[in-house]
Amino acid sequence: MTYCLRIADIPTNERPRERLMTHGPKVLATAELIAILLGTGQGPGKLSAVGLGQYLLQELGKNQRDPLAVLREVTPAELMQIPGIGPAKATSILAAVELGKRTFQFRPLDKTPIDSPVAAVAALSQDLMWQNQERFAVLLLDVKNRLLGTQVITIGTATETLASPREIFREIIRQGATRTIVAHNHPSGNVEPSPEDIELTRQLLAGAQLLGIPLLDHLILGNGNHQSLREVTTLWNDYPQGD
């Protein structure tokens with residue numbers, strides 16, 4: 001796709017809106033999604049809407065930054081410093097970013113069955129997904145895996161959080177939960193487990209066996225992504241939970 005062409009000059013089946021309607025939003029490049037929000041182009045060299053979307057990403061990505069990470073926290077004034085982005089375009093972008101955040105912040109009602117990592121992530125997103133500091137939280141469940149509540153145990157720094165098995169199980173027992181899922185976030189968005197994450201999970205699984213409170217999973221969340229340690233490790237084979 002040529003970024004200096006007007007959208008009207010692009011073949012119909014290659015235009016962002018038409019491609020989204022035909023194939024769904026996942027096939028669109030980020031610049032094309034932004035183009036739909038912008039509606040029109042301009043900026044340096046009279047760019048098309050797609051070209052302006054690409055230019056915006058390049059500007060946000062200066063100094064080797066992740067442009068989408070910057071976009072999540074950008075202000076209207078910062079957006080409007082980019083040539084071609086005025087108040088109307090800036091507010092459209094920011095409204096879309098905020099709407100995306102809110103969809104991840106939906107929390108299931110209490111007593112909702114938590115039967116998959118996706119369901120657990122939905123319950124934890126408000127507390128963990130978009131936070132700038134690492135947080136450690138627990139999902140409190142009853143014997144039928146129904147949600148009793150969530151609880152943030154600790155809040156750390158941008159790169160680490162401190163949570164001990166003692167603190168975690170104390171809160172689980174205090175709240176009267178009979179099963180649990182633990183989770184923490186990585187503000188970087190990289191949801192691969194660290195060696196420390198693996199070791200803490202090992203300790204928690206051993207403690208859960210001793211206390212008779214099955215630990216169903218340990219999730220890592222960050223910037224719209226998640227990882228289930230139960231799915232990517234063999235720890236639950238080493239420490240069966242009787243679930």
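Including glycine, each Cβ sits where the backbone N, Cα and C put it.
As recorded in Swiss-Prot, the features of this protein are as follows:
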BINDING   His184, His186, Asp197  Zn(2+) binding site
DOMAIN    113-235  domain 'MPN'
MOTIF     184-197  motif 'JAMM motif'
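Sorted by the number of other CB atoms within 10 A, the binding-site residues His184, His186 start with His186, the lowest. Taking all protein chains in view, 18 other C-beta atoms sit within 10 angstroms of the C-beta of Asp197 (Zn(2+) binding site).
When pLDDT values are averaged over the motif 'JAMM motif' (184-197), the model yields 92.
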